[in-house]
Amino acid sequence: MALPVVAIVGRPNVGKSTLFNRLIGERISIVEDTPGVTRDRIYGTTDWNGRSFHLIDTGGITLDGVDELQNLIRVQAELAIDEADVVIFVVDGREGLTVADRDVAGLLRRAGKRVVLAVNKLDHPHHFGAAYEFYELGFGEPIPISAEHGAGTGDLLDAVVSLLPAAEEAPQDEDAIRVALIGRPNVGKSSLINALVGEERLVVSPVAGTTRDAVDTPVEVGGQRYILVDTAGIRRKGKVYETIERYSIFRALRAIERADVVFVVIDGAEGITEQDKRVAGHALDAGRAMGFLVNKWDVVEKDDKTAHRFEEAIASEFPFMRWAPVLFVSARTKQRIHRILPLAQRLAESHCMRVSTSTLNLVIQDAVRTVSPPSDKGQRLRIYYATQVGVKPPAFALYVNDPSLMHFSYERYLENRLREAFGFAGTPIRLSVRARS
Ligand code: GDP
Ligand code: GDP
């Protein structure tokens, strides 16, 4: 489920990105970040003493529109304040306390954030005394570190982990379907959320619990409970960083992590963009049930083939998601808004569908009879039997004579046959090919 977020904050040049790289190390980032910007990566996932968390290097959030250092620092700190459970506030122990440090401290204090103060660039233990000057910032004991050499980072991580919220044992509503709307800025996500919530009068009050719950909106329609994920984040408006692609991708990732069903919202008036594809790709990788909402359909000039052409464009731009249904909606006129949540329900059903082993094997046998499995050097792939090994998304294991004989194209063929037989609308399915032992 959702991992806590830790943000690294501080004025420029104190060593934030050095620390980020040190803490993330060679571990694999969850995000393929857009390269070519100042920093290669600004989000990553790491763990310490068995606690995993996301780490954000807010220093990597640079803003074209914001040239004043003062503003930049403020925006970066605000981002951390919005997003993070715990902030690592980095200062430069060699330069000592500066006005900019005090400004950042003020922002963090007013927001009531949990802060760990790291005094960096103390490369030798005999420099550690320099950390004490920072006591006056009021964030408890300053932790002397050297991001460059790795000194003190263990103590720093101990302090961070001790402040993380208790692992979400989730006062989870098991029957509720968690739905996320993702997409680039301005496609109409918050308008859709408003339409969904406004449309349905049976809005129940938020479940008391962790602070994160407050960002979700429960809705009940036709006896089915839904949780609209991260609605607070979607609705929060007017901050500069919302227009930054890497930031909106991070938001999307957080929402995807916490959802069962993900709707990719596309601006019908503007068409499909590269950013739409990236956002959708993340939900696909995460194995979520998915559909497309083509919004602003009210302003699209249409004839009787427009919707069909749009569907074809989606199919060709998102070739690995041909199973994802498309709904043409308008948050403004409310056209088809009432169909969104029932669709989510259908997708959620596919997502956790289990099929019987006997029917599954009949379908596979039939598929094999119709199109012979691939062969290589006189040896033909033989599929002995198949079994469903998981849900969310549905996952199947095929037991075969030699997995290396399997072809991608034959896997696609089998997947299509499974879809024809069982439906699986709106969910990815996974096939694994295993040698029968
Ligand atoms: P940011 O702007 O806060 O992200 O700072 P950077 O990580 O880019 O670091 C700024 C400068 O400080 C770079 O030249 C780093 O090599 C240097 N630096 C970072 N950490 C340390 C450290 O622990 N010791 C020393 N001596 N220099 C450091
Ligand atoms: P978000 O950034 O994805 O949350 O997008 P918003 O919900 O803030 O919408 C961005 C802009 O598109 C606003 O000016 C909305 O009024 C407008 N908008 C949203 N949905 C529709 C729609 O269905 N039709 C039209 N014509 N405009 C819409």
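Glycine is treated like the rest: Cβ placed from N, Cα and C.
Keep in mind that TrEMBL annotations are predicted by a computer and have not been checked by a curator.
Summarising the annotation, TrEMBL assigns GTP 1 binding site to 10-17, 57-61, 120-123. Neighbour list (N13 (GTP 1 binding site), Cβ cut-off 8 Å, at least 6 residues apart, same chain): D92.
Per TrEMBL, the feature GTP 2 binding site maps to 183-190, 230-234, 295-298. A sphere of 10 angstroms centred on the C-beta of T231 (GTP 2 binding site) encloses 24 other C-beta atoms. When secondary structure is read from DSSP and collapsed to three states, T231 (GTP 2 binding site) falls in the helix class.
The average pLDDT the prediction assigns to the domain 'EngA-type G' (4-168) is 82. If you look up TrEMBL, you'll see 4-168 (among others) marked as domain 'EngA-type G'.
If you look up TrEMBL, you'll see 177-352 (among others) marked as domain 'EngA-type G'.
In this structure, the C-alpha atom of L122 (GTP 1 binding site) lies 46 angstrom from that of K189 (GTP 2 binding site). Proximity to ligand 2 at the level of Cβ atoms, with a cut-off under 6 angstroms, picks out N186, K189 from the binding-site residues K16, N186, K189, W297. Selection of the binding-site residues N13, K16, T58, W297 by a Cβ distance under 6 Å from ligand 1 yields, in sequence order, N13, K16.
Each of the binding-site residues G10, G183 was scored by other CB atoms within 10 A of its CB, and the lowest score goes to G183.
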